[in-house]
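The following features are taken from TrEMBL:
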- THR36, GLY37, SER38, ILE39, GLY62, ARG63, ASN147, GLU149, GLY228: NADPH binding site (BINDING)
- LYS148, SER174, GLU175, SER199, HIS222, SER235, ASN240, LYS241, GLU244: 1-deoxy-D-xylulose 5-phosphate binding site (BINDING)
- ASP173, GLU175, GLU244: Mn(2+) binding site (BINDING)
Amino acid sequence: MDVTPTNSFVSAAPGQPVLPLSRDGRRTRLVILGATGSIGKSTLDIVRHHPDRFEVVALAAGRRAGELAALAREFNVRFAALAEAAAGEELDAALAGSGIANGAGPAALHDAALHPADIVVAGIVGAAGLAPTFAALQAGRTIALANKECLVCAGDLFMAEARRQGLSVLPMDSEHNAIFQVLESRNLAEVERVVLTASGGPFRQLSLDEMRHVSPAQALKHPNWDMGSRITIDSATLMNKGLEVIEASHLFPLAHDQLDVLVHPQSVIHGMVQYRDGSLLAQLGSPDMRTPIAHCLAWPHRLDLPVARLDLARLATLTFEAPDLTRFPALGLALDAMRAGGGAPAALNAADEEAVAAFLAGRIGFLDIAAVVADVLDALAASGDLAAPESVAAVLSLDSTARRAAQAAIIRRAR
Ligand SMILES: NC(=O)C1=CN([C@@H]2O[C@H](COP(=O)(O)OP(=O)(O)OC[C@H]3O[C@@H](n4cnc5c(N)ncnc54)[C@H](OP(=O)(O)O)[C@@H]3O)[C@@H](O)[C@H]2O)C=CC1
Ligand SMILES: CC(=O)[C@@H](O)[C@H](O)COP(=O)(O)O
Ligand SMILES: [Mn+2]
């Protein structure tokens with residue numbers, strides 16, 4: 001009987017667990033990319049609870065110098081970087097007298113990603129996270145992956161590099177982490193399907209007509225999770241779940257029709273695995289990202305964590321619905337892009353990033369987000385631009401092409 005796990009992040013490193021304390025008694029060294037964001041702050045909160053086990057060696061963010069400098073000082077890191085070159089002076093001034101080395105611009109971000117460490121937490125939002133995270137992987141780092149765009153845009157390249165190096169890609173995204181927890185040391189050949197749950201977002205019960213007029217403020221009110229603005233809007237359109245199915249297709253190499261989405265408004269069950277004998281195994285927990293993040297940081301061990309415990313008697317009812325692709329066309333677009341493969345998922349993501357920003361800026365309506373993405377995929381398919389990118393540079397070039405097409409579509413649809 002073959003009991004070898006076939007998903008690469010499990011099989012890549014048998015006997016090489018990521019220990020909370022290394023064998024020589026060192027603390028686990030962390031680099032956190034996206035330190036000032038929702039994932040970054042939750043990660044740092046875990047370090048606050050376990051300063052004896054983790055050492056933060058480098059932090060990186062986009063442009064918020066003051067916030068980054070405060071975190072760099074609190075955790076006494078060795079290096080702090082901003083992606084935005086123009087914010088470099090402000091960062092340097094904010095760190096004056098601290099002795100913390102710092103820099104700004106793409107090269108500094110790259111240096112942060114490659115700072116010697118045991119785990120790199122990939123918490124940058126969007127395709128901007130791909131280059132530094134991929135560089136860290138190439139440099140041999142274990143990646144704790146929240147940035148789903150790495151796999152959506154470059155999943156084949158990313159997982160091939162992880163396999164080539166025998167490295168772990170630890171899934172932090174709550175649904176994938178749930179499935180990872182349920183799958184651990186099991187054989188994917190025994191799996192019938194995996195299920196990603198979706199909250200359904202704030203507009204789960206609205207008609208298409210009602211959704212036409214929703215505001216950014218309404219869309220930013222996620223029913224269960226406190227997250228950055230892009231992923232929160234993606235949750236409202238269900239694009240987030242579409243991106244997550246694509247992400248799952250790379251983490252858990254199953255057939256596309258073995259990847260299911262189930263709307264579960266309470267966000268208590270995060271992911272499930274249906275085995276061939278009929279058993280359905282689930283991971284449950286409060287909607288608090290510190291649990292999946294801690295699972296990745298300590299894997300294959302567990303950390304003490306003061307997150308709210310589920311009180312199932314008080315909750316009493318968990319409910320489930322099939323997703324409605326008519327009212328939430330973004331999910332269908334993402335599933336189509338996954339099936340089409342090649343450059344379609346990267347173009348889908350780039351178009352969605354642009355459309356979400358335009359919606360938040362009040363330039364287009366909520367329903368225009370999916371419409372812009374559809375416009376871009378149609379245009380790039382017609383121009384023959386959706387061939388599979390063969391390098392990260394080619395992915396980023398396609399990303400730029402898709403963003404230009406999205407801007408044209410946004411202008412056509414602008415209010
Ligand atoms: N939040 C959550 O609970 C979950 C998030 N994820 C995924 O994790 C990732 C991060 O999400 P989230 O934390 O919510 O996002 P946030 O918007 O809260 O934070 C984004 C972080 O990325 C930084 N950043 C933005 N642009 C750049 C750039 N060009 N280069 C470098 N850094 C940049 C920001 O820096 P600055 O502050 O300076 O702008 C900030 O630190 C996303 O891929 C998301 O899908 C997955 C599951 C759950
Ligand atoms: C916390 C997390 O992993 C998010 O991706 C979350 O699942 C988003 O909520 P939705 O289920 O509404 O997309
Ligand atoms: Mn998720």
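Glycine is no exception: its Cβ is also placed from the backbone N, Cα and C atoms.
Because the structure is a prediction, the values reported are computed rather than measured.
The sparsest Cβ neighbourhood within 10 Å, among the listed binding-site residues (THR36, SER38, ASN147, ASN240), is found at SER38. Taking the Cβ of HIS222 (1-deoxy-D-xylulose 5-phosphate binding site) as centre and 10 Å as the limit, one finds 19 other Cβ atoms among all the protein chains shown.
Cβ proximity to the Mn(2+) site centre (mean Cβ of ASP173, GLU175, GLU244, cutoff 8 Å) flags the following additional same-chain residues: LYS148, PRO171, SER174, HIS176, ASN177, LEU196, ASN240, LYS241, GLU247, ALA248, GLY271. If you draw a 10 Å sphere around the CB of GLU175 (1-deoxy-D-xylulose 5-phosphate binding site), it holds 28 other CB atoms from the protein chains shown. Among the binding-site residues THR36, GLU175, HIS222, ASN240, GLU244, the residues whose Cβ sits under 6 Å from any atom of ligand 1 are THR36. THR36 (NADPH binding site) falls within neither a helix nor a strand when secondary structure is assigned with DSSP, and so counts as coil. Maximum C-alpha to C-alpha distance over the listed NADPH-binding residues THR36, GLY37, SER38, ILE39, GLY62, ARG63, ASN147, GLU149, GLY228 is 20 Å. Annotation for ASP173 (Mn(2+) binding site): same-chain Cβ neighbours under 8 Å, separated by at least 6 residues, are LEU145, ALA146, LYS148, GLU244, GLU247, PRO292. Ranked by how many other Cβ atoms sit within 10 Å of their Cβ, the binding-site residues GLY62, GLY228 place GLY228 at the bottom. Closest to GLY62 (NADPH binding site) by Cα-Cα distance, out of the binding-site residues GLU175, HIS222, ASN240, is ASN240.
Closest in space to SER38 (NADPH binding site), of the binding-site residues given as GLU175, HIS222, ASN240, is HIS222, taking the CA atom of each residue. According to DSSP, ASN240 (1-deoxy-D-xylulose 5-phosphate binding site) sits within a helical segment. If you take the Cα of THR36 (NADPH binding site) and the Cα of HIS222 (1-deoxy-D-xylulose 5-phosphate binding site), they are about 20 angstrom apart, rounded to a whole number.
A gap of 12 Å separates the Cα atoms of ASN147 (NADPH binding site) and ASN240 (1-deoxy-D-xylulose 5-phosphate binding site).
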